[in-house]
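Q: Got a structure here, written out as structure tokens. Questions coming.
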Amino acid sequence: MSSQSYYMNDLDDLRSLESSTLNKKDTAINELNPEQNDTRRSTDLLLEDKYGIQTGFSKYWKKCTYGIREYCKFIGPGFLIAVAYIDPGNYSTDLDAGSRFQYKLLFIVFLSNLFAVYLQSLCIRLGSVTGMDLARNCREHYNRYICWSFYVLAEIAIIATDIAEVIGTAVALKILMHIPLVAGVVITILDVLLVLIAWRPEGSMLSVRIFETAVALLVLVVAISFAVVLGRVHIGGAGTVFKGFLPSSTVFSREGLYSSIGILGATVMPHSLFLGSGLVQTRLRDLDVRRGNYTPVGDCSDYRPTHETIKHSLTYSIVEVALSLFTFALFTNSSILIVAGAVFYNTSGADTSDLFSIYDLLKEYVSISCGRLFAVALLFSGMSAGYVCTIAGQIVSEGYINWNLRPWLRRVITRAIAIIPCLVVSAAVGQSGLNQVLNASQVCLSILLPFLTFPLVMFTCSRKVMRVVSDSTNEETGQLIRETHDYSLGWTMTIVTWAIWLFLTALNLLLIVWLGMGVSF
């Protein structure tokens, strides 16, 4: 056979294949729509299902469904992290801001949520790339004196956070079950048993998902409760509320700035940084195990995510946390402030507003059920926040000083320290003093925030820390190829990150100066 004849036969085969493909497509369209023109979407789906012909829409549809399925596998940590932003401390600061300035500090609530989402994205990036949480990274890269200093600050933040959970839960128990405050404070230590039974970070994914689902249900109850309360409270025009999300001169007044710093401290919680960087490893490890890249040994402390797993998981993890914070956390915090602004603003009780008084006013001016819904939301917030505070405390102690204390014992110690000031205040001055302790704990958290975020900023901007080495084999030569992948922040994001950190630091320095001068708020 001549060369020319050979190529002619190949050309005929190609033409025949093309004609056959087009005939299949035409036949499919005719079968689908014998009498009238159908939509392109239906045609494309039929071609894909019946003949296996890939079309533009079918490829796009497959890509979307695949992305949604993969995203659903990462749902869970966002709910645990969101709990840190809707704890009883937020009730106190948002209640104070709403009663004094109505809706004008909603801008700070929104800004705080933006900061929280951005800092959480850094935490997830750090935890995913290094395979270690923020505390463990500090132990790996700092000397023990610096590490112990950060550990002490982190423990103070955990205790200050726990104080808010204790007070919120005790107040809710008194409202709902008429349990005395002192007894309610003592009862809060019982949640240690629930955490001991439920939380198994080194266990199977099923046990982790069960715990995440339980906390997610608590978060949903809080959100639904406030949705109902918002529907029953007269908040004025929607324009007035939405105007509060715009910057206002009130933010820069002395009283407004103090409330703003309190909101920042209550929203951008320091212990949430350890949660965000520590919760991602479970899913990364599970994915590497299923792909055959890692075999669990002991407590899995030697685990480091592969580049393939990091590349696949990083975006899903960040999006999952961002959606959780922008939906549940932002909605709940805004709702608390809006309800307080609608009920307390320009009233005689604005200066004495606390968790008890907002319950009384809701019960008197709206309905008894509305007041009880508020108390239910407060109770579930305190419970769920107490659970995740236990997890954060465990990450802190194990990461900074390698203190492998049993979770229940560590929880007993932390909660025992936290309930001491609450017991003293509740026994001495009753409910009037608890609100002051609650507000002070949130300001304390705000002061600690710049110190605990500094290592996070340093690590995520460092090429040395944020690099991953991957090995592959050249198929032709069989040689080992080693590649280094840089996940550190670029110049633009580095500037943004340091700008946020400097902003938070400047606010807290101003607060410290005012407190040192004895300025009253």
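Glycine is no exception: its Cβ is also placed from the backbone N, Cα and C atoms.
For reference, Swiss-Prot lists these features for the protein:
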type: MOD_RES; residues: SER42; note: phosphoserine
type: MOD_RES; residues: THR43; note: phosphothreonine
type: TRANSMEM; residues: 71-91; note: transmembrane segment
type: TRANSMEM; residues: 104-124; note: transmembrane segment
type: TRANSMEM; residues: 152-172; note: transmembrane segment
type: TRANSMEM; residues: 179-199; note: transmembrane segment
type: TRANSMEM; residues: 210-230; note: transmembrane segment
type: TRANSMEM; residues: 233-253; note: transmembrane segment
type: TRANSMEM; residues: 260-280; note: transmembrane segment
type: TRANSMEM; residues: 325-345; note: transmembrane segment
type: TRANSMEM; residues: 373-393; note: transmembrane segment
type: TRANSMEM; residues: 417-437; note: transmembrane segment
type: TRANSMEM; residues: 440-460; note: transmembrane segment
type: TRANSMEM; residues: 495-515; note: transmembrane segment
Q: For the transmembrane segment (373-393) and the transmembrane segment (71-91), decide whether they are in contact, meaning at least 3 CB pairs lie under 8 A, counting pairs 6 or more apart in sequence.
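A: Result for the transmembrane segment (373-393) with the transmembrane segment (71-91) is yes.
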Q: State the non-local partners of the transmembrane segment (495-515) in its own chain: residues 6+ outside its ends, Cβ under 8 Å from one of its Cβ atoms.
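A: Residues packing against the transmembrane segment (495-515) from afar: 115, 118-119, 122, 254, 257-258, 260-261, 264, 268, 443, 446-447, 449-450, 453-454, 457, 460-461, 489.
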Q: At a C-beta cut-off of under 8 Å, are there same-chain residues at least 6 beyond the transmembrane segment (210-230) that contact it? List them, or none.
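A: Contacts with the transmembrane segment (210-230): 76-77, 79-80, 82-83, 86, 198-200, 328, 331-332, 335-336, 338-339, 362, 366, 370, 373-374, 376-377, 380-381, 383-384, 387-388.
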Q: Give the one range among 71-91, 233-253, 325-345, 440-460 whose Cβ atoms make the most pairs under 8 Å with those of the transmembrane segment (260-280).
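A: Top-ranked stretch among 71-91, 233-253, 325-345, 440-460: 440-460.
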Q: List, by number or range, the same-chain residues at least 6 past the transmembrane segment (233-253) whose CB is under 8 A from its CB atoms?
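A: Distal contacts: 101-108, 110, 260, 338-339, 341-343, 362, 366, 370.
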Q: So which residues does the transmembrane segment (440-460) touch in its own chain, when a touch means Cβ under 8 Å and the partner is 6 or more beyond its ends?
A: 89, 92-93, 119, 122-123, 125-126, 130, 134, 137-138, 141-142, 150, 153-154, 156-157, 160-161, 163-164, 261-262, 264-266, 268-270, 273, 277, 466, 488-489, 497-498, 501, 504-505, 507-508, 511-512
